[in-house]
Each structure stands twice: as structure tokens, then as C-alpha cells.
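According to TrEMBL, the protein carries these features:
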| type | residues | note |
| --- | --- | --- |
| ACT_SITE | C500 | active site, nucleophile |
| BINDING | Q373, F404, E425, D473 | S-adenosyl-L-methionine binding site |
| DOMAIN | 63-123 | domain 'TRAM' |
| REGION | 41-60 | region 'Disordered' |
Amino acid sequence: MAAAPAGGVRLLHPRPWLRNLGRRARPLSVLAASSPIQHSVELTTTAAPPKPSNKDKNSLSYYPKRGQTLELVCESLAFKGKGLCKVADTGFVVMCDRALPGEKFIGRVTRKKDNYAEVKKLKTIAPHWDNVEAPCEFASHCGGCKTQNLLYEAQVRAKEEQVRELIVHVGKFSDKDSEYDVIMKPIVPCDIQFHYRNKMEFSFGAKKWVPEELLGQECDETNEYALGLHAPGFYDKVLNINKCLLQSDPANKVLAAIQDSWRDPEFSLSPYDVHSHRGFLKHLMLRTGRNIETGQPELMVNFVTSSYQPELLKPLVEKIAAFPDVVSVMNNVNTSVGNTSVGEEEYTLFGKSTIMEILRGLKFQISANSFFQTNTHQAEILYKLIEDCACLKGDGSEIVLDLFCGTGTIGLTLAKRVRHVYGFEIVDQAISDARRNANLNGISNATFVQGDLNKIGENFGEYFPKPDLVITDPNRPGMHIKLIKFLLKLKAARIIYVSCNPATCARTLITSVMVW
């Protein structure tokens, strides 16, 4: 994760722009909850170089070869927080990991595509703009906080620009329209830049990964077991992490206690080896909730293991159960060779099986594998914007269709102002959580149904009355064309699209216009 919070929000209403496309569109609001910069947008057509002449095409400077060394200047941030650069004189696009806007550097070409190349930064000649010192000791090597040494305000500007370019160049909306700047609302930054995540997942590794530049300092420790985060781009390399600035202080104390003891030979604990498929410990998940009576943090510790052997975990469980904030210790058993943290079986080793959180005045129970917005603070902002955008009458007369509803958080926060909420979600456990949360809050006008929204049939609309409001919150791939066509045919008065991926959001918007 980057220091940029996972909850910047923007609101837009594209109908006035669509006159340039020669079609009329249904009223549509979009709430794009911006993910951290390095989990951001795809390389867009804005990065495409000018059409080269035949002379340019034949030059090495235009089509740099693998292994070639170039002097480059980073212009902006693009896909997954990579720096976007252009070869001098030709404009050929080059992408570089950990290059930041304004930085001048030497890079070596590692991969070449049809319309861009990737380079590895070898040496910085001049630093980037808005340079700050990264507060985390692991920021230079961890696969999470790639932009931590960039001023937060600059991170926010970069994210906003990425979304704007996607809406214009992929979504085909005109930024020449006089109403564009009024309708395209500015990004909403987060007041908290660190310790905002309520969930972190760490991996156990059979061998600690040490960056090349640190090998001389830690050569005697490279064969130690590891517990931490994956090195960028590698599923089998784990950077040992003792403290993560994205999670809560209580979670960091638990992480430190586990790091201090899990390698003890007396515990007989072994990390899972992704190559040999041997070993016991796969992942450690730490979730932070809130005691609804005291307001104090409460923690869930979830060990993901390759088999169910509670006697092996017992000494570790006893140690972390002594922390007053730890109210739950779970064990998910995943016998597959895959890298997922969701187990086929789940066991409670200490305390209760869920933790609590409060959102928009409602209480939510969170289980080990529940989906819940990872930035609770910014989720409050996002859900308030959804409610404002919904323009509900408040007289209890309206029907809400909540698509990709997850554990029902959005629909439940609106339920008391409408007649009924109908939520649909593919994950069966999430539907169970949604129903439980409805009961927990005394909400009886919400119905949650398990089903695959990418495989809806012709009779899908028979499961609910015609809605006045549709809220759709798909995962990163976006909505299937079947669902897009259904929503257009449904002709609901209002649609709110909550997006965690502005690239697929932009494509959905233009697809909706073309289909309409």
C-alpha cells in the first residue's frame, strides 16, 4: 500500500458532455473511490507517442532495445504508480518503476512492447519534485508504499489527473465542455495518511528476501525465515517486516510479538514453501475493529495454515492472547497450493469469531474473510457522498437495488430512508454477513441474495420491483456487458456507480453510451 489513502473520492455527472457523442444518456452519477496510486490506472491513450516518420522508426532512439541505457525524465505517474517518461525528440513512451515526476535518471530497458517500453532505474541524476523523506524504513524495497517519498498533496494531484485523463481519453467525454470543471468534482483527500488500514495481510516465507544493495549488510541473515510483504513482482520473495505504518499501532505490537517468537525452534513452526509445497504457516492477517461500547480498538489475528494442527499454534496463540486488544484468534486452513488467504475450513482458537466496527452509525460484525472497506475513516466520507448523490426523498417510498453489495454496508446505511433494499452478491459468506448485519441493526426492509451478476438471465428483473435507485459497486474488472444492457433497459431514475478502478469505470461509461 502507498501512503496515499485508499479512499479519495470524486463525483461526476456526465450527461451534459454526451451531446458531443450524439446520443442521450440516462442520468448517471459516478463515485470513484480512488485506490492507492500504485494500484491505480492503466496506461492510457494519452501516453501514446506522436506517429513517427520512417526515419524515426528505424532509429534506435525511437525503438529502444532491451538492455539499452537511456537518460530519461519522469513526466507523470501512470499504471500502478510507475513513472511515465518519453524518449527525447521522438516521444516514445517508457515506463519506470519508482520513478517520480521531475526525476532525471539513467535507466536500462528491460522489456519492450509495441507502443512502450519498461526500464529499470539505475541511477538518479536529479531528484523528483515534491520530494519528502519516507518515514518507513522499508519504503524503498516493499511492494506497497512506492510513492511514500512523494508529498501527499502531489500524490493526490497525480491520482486526480489519472482519473480525469481516463474519463476523457478512454471514456470519450469532452473536457472542452464549459460545464466540465463544474461537474467533475475535485478529489477528496484523506485526513489520515498513515495507520488508516483496518486490514493487513502478511506472508510467511522459507527464505528472507534481501534487496541487492543491502546484501553486504545482512549476508549472514539471508537464510532466515521471513514474515512480511512480497517483493515487487515476486510471489516467492518475502521482505521481512517488523512494523507497517499503514496498520494500527495495536496491530503493529502484535506483529512484533509474533516476529519475536515464531522462529523459536521450540515452537516447531515452519513457513510454507511455495516451490516444494511443504511447510505449515502461509499467511498472517491482522484486522482492526472497534469496541462499540468503549470505542477502543479490538483486534483479530488470523493464521492461514496448510493443515489443521492447533497444538502447533497453541504457544503462539497464548502469547498474543495476552494483549488486551486481541479479542479473536482464528485459523483458516488452506490445503491448496495457491497463494490465497481464504481457507476451506475455519476454526476459532481464542475469543470470538468476529470483531465489530461502526460505520455511518451502524454496527457491523466482521469475520476473518469478510469484505469491508479497508479505510474506515474514508469510507465514512464515501458513504456520505453516496447518500448525498442518491437524493432520497426520505419518506420511505423508494426501492433501492444494491448490486455487488458485499456485506451490505452501502444498502444498509440507506435502508432506514427507503421502502426496501435488494442486494445481490456472488460471495455466499458476504451475503450471510449482510443478513447478520441487518439483524444486528434491527433492519427488516433489506433482502440479500447470492448470485453471479455476470451471468444474469432474462428474468433477473423479476426478483425485485422496479427500483428508483441503483447502486453498483463492482470489483476491479467492472460490469459485464449483460448487466450494462440490463441497467439501460431498466431505466431507473438514478444510478450511482462506485468504482475502485477508474479505467474500467471509464470503459463502462462509454460502453453504456454506445449501447444506449
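Glycine is treated like the rest: Cβ placed from N, Cα and C.
All protein chains included, D473 (S-adenosyl-L-methionine binding site) registers 21 other Cβ atoms within 10 Å of its own Cβ. Summarising the environment of F404 (S-adenosyl-L-methionine binding site), the number of other Cβ atoms within 10 Å of its Cβ, over all protein chains shown, is 21. Listed in sequence order, the residues F371, C405, G406, T407, T409, I410, P474, N475, V498 complete the 8 Å Cβ shell around the S-adenosyl-L-methionine site centroid, once Q373, F404, E425, D473 themselves are left out.
Neighbour density at the Cβ, taken as the number of other Cβ atoms within 10 Å, is lowest among the recorded positions Q373, C500 for C500. On the backbone, the CA of F404 (S-adenosyl-L-methionine binding site) and the CA of C500 (active site, nucleophile) stand 12 Å apart. Annotation for E425 (S-adenosyl-L-methionine binding site): same-chain Cβ neighbours under 8 Å, separated by at least 6 residues, are F404, C405, G406, I431, A434, F448, V449, Q450, G451.
A distance of 8 Å separates the Cα atom of D473 (S-adenosyl-L-methionine binding site) from that of C500 (active site, nucleophile). DSSP labels the residues of the domain 'TRAM' (63-123) in these numbers: 3 helix, 34 strand, 24 coil.
A straight line from the CA of the residue listed as 'active site, nucleophile' to the CA of Q373 (S-adenosyl-L-methionine binding site) spans 11 Å.
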